[in-house]
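All remarks here apply to the structure that follows.
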Amino acid sequence: MLPNTPRRAVYAGSFDPPTLGHLWMIRQAQSMFDELIVAIGINPDKRNTYTVAERQDMLCAITDNFPNVRIEVFQNRFLVHYAREVDAGFIVRGIRSTSDYEYERSMRHINSDLAPEISTVFLMPPREIAEVSSTMIKGLVGPEGWMETVKRYVPPAVYQKMIAEHHNNNA
């Protein structure tokens, strides 16, 4: 990295939907780097609950007070190649468990083989949100009392979107 070059990082995920764990990661990473790109990765083999546009809107809503964060979308390429394309020197990954660590450690080695100039930074969220995942959140929606439960794990803007979506699907 050249002197006076902004320290840019990429934090990627499906964000379907964004959780408090994602928000924690974004908050931490944006304080560590000059610029953080939150990149929605499109996997055509994965069935998503929310459209790319809806996920972008939710991410914009929860990051609007972070001036150094921008939301982008990428597909059909490795994350490390995307990071290189946007001149990011860092990839930020969350570690929630030992299985996450094992997987991310292996990916870090592969990424290093593909782009040795890009470093991977691991962040570990606090215990109270470490087990929160988008898949878990989606699995809670529906049964009686789901709204109070889900409210604990997602940012308010995401919570409102989830309520509206559930209402529209059941109207």
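Just so you know, the numbers here start at 1 and follow the chain as drawn.
Cβ coordinates come from backbone N, Cα and C, glycine included.
The shown structure was predicted, so the numbers you read here are calculated from the model rather than taken from an experiment.
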One of Glu85, Glu104 listed by Swiss-Prot as binding ATP at the site of Ser14, Phe15, His22, Gly94, Ile95, Arg96, Ile129, Ala130, Glu131, Val132, Ser133, Ser134, Thr135: Glu104
Residue from Lys46, Leu79, Arg93 whose C-alpha is spatially nearest that of Ala130 (ATP binding site), among the binding-site residues: Arg93
Which listed residue (Ser14, Ser134) has most other Cβ within 10 Å, given these are binding-site residues: Ser134
Residues Ser14, Lys46, Leu79, Arg93 [recorded substrate binders]: greatest CA to CA distance in Å: 20
For Glu104 (ATP binding site), nearby residues of its own chain (Cβ under 8 Å, 6 or more apart in sequence): Arg93, Ile95, Thr120, Phe122
Listed binding-site residues (Leu79, Ala130, Val132), ranked by Cβ neighbours within 10 Å, top entry: Leu79
Protein Cβ atoms within 10 Å of Arg93 (substrate binding site), excluding its own: 23
